[in-house]
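Handing you this structure, nothing more for now.
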Amino acid sequence: MVEKQMQDEVQTPGAVFFIFGATGDLARRKLFPAIYSLYREGKLAEDFAVIGVARRPRSPEEFREDIYESIKEFCRYPAGEPDEWNAFVEHFEYKSLDINNVDGFKELREQTESLEAKFNTPGNRLFYLALAPELFGSVSYSLRDGGMLESRGWNRLVIEKPFGYDLQSAEHLNEQIREVFREEEIYRIDHYLGKEMVQNIEVIRFGNAFFEPLWNNKHIANVQITLGETVGVEERGGYYDHSGALRDMGQNHMLQMLTMIAMEPPSRLFPEDIRDEKVKVLRSLRAFTSDEEVSTNVVRGQYTEGEYRGKQLPGYRQEDKVDPESNTETYFAARVFVDNFRWAGVPFYIRTGKRLPVKTTEIVVEFKSMPSNVYLGKKYKLEPNLLVIRVNPMEGIYIKINAKKPGSDSEIQPLAMDFCQSCMIGINSPEAYERLLHDAAEGDSTYFTRWDEVATAWSFVDRIAAAWAENHGELHTYPAGTWGPEATGKLLEQDGFHWWPVNGQDEDSVVWQVNN
Ligand code: BG6
C-alpha cells in the first residue's frame, strides 16, 4: 500500500493513459489541461503516452489540434514553443471506437502495444472513463474481452461521477465493474477531494494545536457548508432534470466535505486509514426516519425567472431539455447531525444551489459564544469566533475574533484575520484534476471515494429523495440570482443561528490581511 504523499514532487511511473470520451467537454476543459500541467511541472514520467478514445472519427492531426485548443483555452500554463509543444503532443494518439465492439478493443490493444514499445512504457495502463455511467460496465467488459488488461504492469480504472442514481443503481454499476476490476484498482472521482483547500482541511485540523483540542461539541456551535453556483443548468438540462441538486452535489461533494471536517484523526497516513475514518462519519449521520423529519430538516427549491447584474435569467422550467412542469430541485439545504461522541448535538447546515448570486464554496465553523453573564460578556455583545475555510474560487482561511477597537476604551469589535492564498502572487494552485490524475497514476487512492463511502452516502440521500418523491416537503421557489428560498434561513433560526455571509468580509469587520 502506498503511503499518502504530502508533497507532490513525485514523478508518476510510466503509463499509458486512456481517455474515454476524448472528444467530450470534461476531456477538453479538465483532463488535457491537467496532463499538460503535470508534464510542464515534471510530474509525468517521460515514458507516458495518451490514447484518446471516442466514437467520432478523428485524424491524429485533428486530435492534436483539439488538444492544442483545449490547452490554449483552459490550461493554467500556456502551450510552449513549437519544439516543446511537439515533444509533448507526440505522446498522444487517437482511436475511434464503438465501446460494445470487442474487435475495436483488440485493435486498441495492438495500437497500445506499439505505443508502449515506442515510449518504452512498463505496461501500466490507466483507463479514465469520462463517460455516462451507464457505459462503465460495457467498457469494462470490452477492455477485458479485448485483452486490454493483459499487460506487464498495473491496470487502473478511473471513473467520473455520478456513480449511480440511487443506492440500487450504484450497486448494480459496482457489481458490473467489480466483475472486471478489483476495488483497489478502481478510482472513483469526486473532484472536490482534489481541491487544494479541501485537502488542506486535514492539515489545518490536525496540524494546529489551537484547533484540534477545540474541534468538538464542547466548543463548536455549528458548521455551515455552502456550495453556491451562479450558473444555471446550461446545456446539461437533460442530465440535471433527472438528477437535481441533492444527487448532483449533495450525495458526493457536500457529504465528502462534511466527512473531512468531521472525521477522527487517522492513526496512519495510509489511504485506507483515512477512508476508514471518512466512512465512519457517513455511518454516523443521523438518518431521517420519516417524511416529516425530512420536511423539517431539508429544504428544496427551484429557481424561477430572475435578474442578475442587469441580465434577465430564465427560470429552471424554461431551460433547454427541462420538463416545463419539472419538480426537480436546483437548490437544497439540510440540517444534519453526526451522532458520535465528538459531534453529538452539533448541527451541520449544508446548502447548495444553482443560480445563486455568488460562485463560492465555503465552510464556516462557528465556535460557541463566551458566557454572556461574566466579565466582558456582561457588558458587550460578543460575536462568536469563526473559522472560515474558503475552498473555491477564492482559496484561503479567515478567522474572526473579538478585539478592542483601537483608540477606544469601551468598544469591542470583531476583527478578521484573512489569509487569501489565491491572491498571493506566484501561487498557482493545481487544478483538482491534476492532483487526482497524478494520485491515480501514483496508486494513491486517498482522495477517491471507496465503495462503502459511496453506498453509505446513497442510503442517506435516498431517504430524502424518497420523501420528496412522495411529495413531502414543499418545493420552494427562488428568483434566479438570489440566495435561495427563505425557508433555508429558518432552519438555522429555529436553533438560534443564522447563515454567516460568504465570500467577502463581514461589513463591520476590520480586516487584517496576513499576506499583503
Ligand atoms: C459537478 C456538478 O460535479 O460539480 C456540476 O455535476 C457543478 O453541476 C460542478 O457545476 C461544480 O464544480 P466546481 O468545481 O466548478 O465547483
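The backbone N, Cα and C atoms fix where each Cβ goes, glycine too.
Curation does not apply to TrEMBL; its annotations are automatic.
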Out of Arg55, Arg64, Arg205, which one does TrEMBL list together with Gly21, Ala22, Thr23, Gly24, Asp25, Leu26, Ala27, Arg28, Asp98, Ile99, Lys161 for NADP(+)?
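Only hit among Arg55, Arg64, Arg205 in TrEMBL's NADP(+) site, alongside Gly21, Ala22, Thr23, Gly24, Asp25, Leu26, Ala27, Arg28, Asp98, Ile99, Lys161: Arg55.
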Select one of Glu171, Glu229, Glu272: the residue that TrEMBL places in the substrate site alongside His191, Lys195, Asp248, Lys354, Lys359.
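Answer, per TrEMBL (substrate site with His191, Lys195, Asp248, Lys354, Lys359), from Glu171, Glu229, Glu272: Glu229.
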Among Asp25, Ala27, Asp248, which binding-site residues lie by ligand 1, judged by Cβ under 6 Å to any atom?
Asp248
Out of Ala27, Ile99, which has the highest number of nearby Cβ atoms, where nearby means within 10 Å of its Cβ, if these are the binding-site residues?
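Per the Cβ count, the most surrounded site is Ala27.
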Give the three-state DSSP assignment (helix, strand or coil) for Arg55 (NADP(+) binding site).
coil
Could you check which of the recorded positions (Lys195, Glu229, His253, Lys354) sits closest to Ile99 (NADP(+) binding site), going Cα to Cα?
His253
If the NADP(+) binders are Gly21, Ala22, Thr23, Gly24, Asp25, Leu26, Ala27, Arg28, Arg55, Asp98, Ile99, Lys161 per the record, what's the largest distance between their Cα atoms, in Å?
22
Take the Cβ of Gly21 (NADP(+) binding site) and count every other Cβ within 10 Å, whichever protein chain it belongs to.
23
Give me the long-range Cβ neighbours of Arg55 (NADP(+) binding site): same chain, 6+ apart, Cβ under 8 Å, in sequence order.
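Non-local contacts for Arg55 (NADP(+) binding site): Ser96, Leu97, Asp98, Ile99.
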